[in-house]
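As written in Swiss-Prot, here are the features:
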| type | residues | note |
| --- | --- | --- |
| DOMAIN | 1-85 | domain 'Core-binding (CB)' |
| DOMAIN | 106-285 | domain 'Tyr recombinase' |
| ACT_SITE | R146 | active site |
| ACT_SITE | K170 | active site |
| ACT_SITE | H237 | active site |
| ACT_SITE | R240 | active site |
| ACT_SITE | H263 | active site |
| ACT_SITE | Y272 | active site, O-(3'-phospho-DNA)-tyrosine intermediate |
Amino acid sequence: MERQLDAYCEHLRSERQVSPHTLSAYRRDLEKVLGWCQKQNIGSWAALDIQRLRSLIARLHQQGQSSRSLARLLSAVRGLYHYLNREGLCDHDPATGLAPPKGERRLPKTLDTDRALQLLEGAVEDDFLARRDQAILELFYSSGLRLSELTGLNLDQLDLADGMVQVLGKGSKTRLLPVGRKAREALEQWLPLRALTNPADDAVFVSQQGRRLGPRAIQLRVKAAGERELGQNLHPHMLRHSFASHLLESSQDLRAVQELLGHSDIKTTQIYTHLDFQHLATVYDSAHPRAKRIKGDES
């Protein structure tokens with residue numbers, strides 16, 4: 001069983017080219033199943049049936065595993081058995097028809113509008129770190145980017161003249177997002193300072209040594225801003241949740257918000273497939289508290 005698990009993980013790495021993070025998560029889940037099988041004297045993957053797998057899921061749920069974690073584990077099992085069936089090592093999938101126990105969905109933490117404005121409207125020092133961090137905060141809240149999307153952002157993805165940014169989201173899917181006026185202003189003040197570092201690549205956000213900022217560095221800068229301005233813990237995804245919450249509260253247009261967030265769930269995607277970007281931009285411009293244009297501002 002261990003050899004077959006190793007072979008499957010190598011298949012994921014070399015042929016499917018899954019990310020190291022995903023591979024590590026799948027391996028942890030499958031090793032959990034393997035360990036349980038060994039304790040139950042199940043000597044092969046072919047001997048694991050739906051009743052025994054259901055017992056494992058129930059046991060893990062009783063031990064406090066979340067519904068989301070169990071769904072991921074079942075997904076890993078299905079992937080393994082798809083591989084085993086293809087290789088002629090098994091003729092069934094014990095995860096077929098199994099679903100994780102339903103659990104309470106935790107509501108995402110958000111800032112209310114007043115707290116978001118408090119975070120963003122404080123005085124900004126005219127120096128490298130302050131201008132860069134302000135641009136990061138504004139862009140997170142303006143456009144609802146994921147941390148990975150902001151970290152990977154390059155100069156050619158920004159169009160400040162038209163107030164647009166193209167991001168590379170999950171599954172290597174691109175989407176076009178509006179950039180609010182306040183975020184554009186913050187970026188325009190940051191980019192000349194960025195150029196002074198003679199950056200090593202086209203990253204929008206770089207260190208004082210000109211190197212692209214990694215996820216951890218950005219998390220720490222956002223956390224520091226939250227502690228300084230709000231006296232609370234703050235992380236990038238809280239700004240993304242706040243973006244979505246405030247936009248939905250103002251617009252009541254769930255489909256537009258889902259499109260702007262880049263959610264890939266087919267059940268939600270099908271609802272707003274036919275919405276064009278102009279509609280999304282109109283919803284964004286009229287509803288987002290940091291994007292509303294001043295009268296006469298056509299830029």
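Cβ atoms here come from the backbone N, Cα and C positions, even for glycine.
Structure coloured by features recorded in Swiss-Prot.
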{"residue": "R146", "record": "active site", "CB count, 10 Å": "18"}
{"residue": "K170", "record": "active site", "CB count, 10 Å": "11"}
{"residue": "H237", "record": "active site", "CB count, 10 Å": "15"}
{"residue": "R240", "record": "active site", "CB count, 10 Å": "22"}
{"residue": "H263", "record": "active site", "CB count, 10 Å": "16"}
Original post:
In DSSP terms, helix, strand or coil for K170 (active site)?
Top reply: helix
**OP:** Compare the Cα of R146 (active site) against each of the active-site residues K170, H237, H263 and report the nearest.
**Re:** H237
Subject >> Cα-nearest neighbour of K170 (active site) within the listed active-site residues, H237, R240, H263 >> reply: H263
Original post:
How far is it from R240 (active site) to H263 (active site), counting Cα to Cα, in Å?
Top reply: 12
Original post:
H263 (active site) to H237 (active site): how many Å between their Cα atoms?
Top reply: 14
**OP:** Determine the mean pLDDT over the domain 'Core-binding (CB)' (1-85), rounding to the nearest whole number.
**Re:** 88
Subject >> DSSP three-state assignment for H263 (active site) >> reply: coil
Subject >> Three-class DSSP secondary structure - R146 (active site) >> reply: coil
